[in-house]
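For reference, TrEMBL has these:
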- 2-41: domain 'LapA adhesin' (DOMAIN)
- 43-141: domain 'LapA adhesin' (DOMAIN)
- 143-241: domain 'LapA adhesin' (DOMAIN)
- 243-333: domain 'LapA adhesin' (DOMAIN)
Amino acid sequence: MQGDDVYQDGESYAVSVVDTGEHNFEQLDSSDTATVTVTDTVDTTTLTLGDVTVAEGSGTATIGATLSQPTDREFTVTLSNGATITFAANSATATSTAFAVQGDDVYQDGESYAVSVVDAGEHNFEQLDSSDTATVTVTDTVDTTTLTLGDVTVAEGSGTATIGATLSQPTDREFTVTLSNGATITFAANSAVGTSTAFAVQGDDVYQDGESYTVSVVDAGEHNFEQLDSSDTATVTVTDTVDTTTLTLGDVTVAEGSGTATIGATLSQPTDREFTVTLSNGATITFAANSAVGTSTAFAVQGDDVYQDGESYAVSVVDTGEHNFEQLDSSNTA
């Protein structure tokens, strides 16, 4: 009689008398037959799907499958992602058709999802358990996005300036970076460019004090890039605007025989450091730091005599010294 197996193969057959033996009946009717029915016992075959891990950008992936008993005929199962698995007759293993996986990108978007059997096909198992699922894990490959800050040149006295920034790939969400000067740059979703908030620059003055400094990113914000290189810096250059400071010499009247005289001088803006100018008569005028006035050293004047010989002459600046004015007009004479 048929042994136990996993296939749908119950059977029924007739048994008849083929030899009535040496009986003593006048007539023995042995035409009757017996029906022997062998019923299937329901044995379960399990279909197991294998998990798969694949890197984004790989293009496609496949899922392996195993039967706990080999199939006695070819059949095909259909998966929830549209792929199919065909088991050859007398085989217990198979691999799905290829299915697409997520393409490579610069965002943190690895994913994991389950794939199940939605159609077990025309198999011949008494019972096929196809409830198992495969987990498909798509891992991120680490691609670097670069944030570049633009240099900026601005004249002193402009009030404020801004810094432009560019991403080598557009962001998939809005995020804000913070700069070392306190300004911030917000990138809109799906954009690769942004401009900082305005920041103050040096005010206009009369001194030679243009400056240049670097600004860096101190906080890259809540972006979704796999890796964001924000190491670039911007150079902010504040240029001098040329403002003229005027040095005025005071006229002086002195009687002959006074021995010496001095000349007073005035700056239209105070100096930010001490400096000394030299006059054409050899006298010098030293301006103290933060001062706008100075007086020359004493110089000799004509001695007293009995003649009508009063005189008048001009004294000019012949050396303006080591001042720090953007432009010093010392053309005035006393």
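For all residues, glycine too, the Cβ spot is worked out from N, Cα and C.
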DSSP residue counts for the domain 'LapA adhesin' (143-241), split into helix, strand and coil: 0 helix, 50 strand, 49 coil
Within the predicted model, mean pLDDT of the domain 'LapA adhesin' (2-41): 67
DSSP helix/strand/coil residue counts for the domain 'LapA adhesin' (243-333): 0 helix, 34 strand, 57 coil
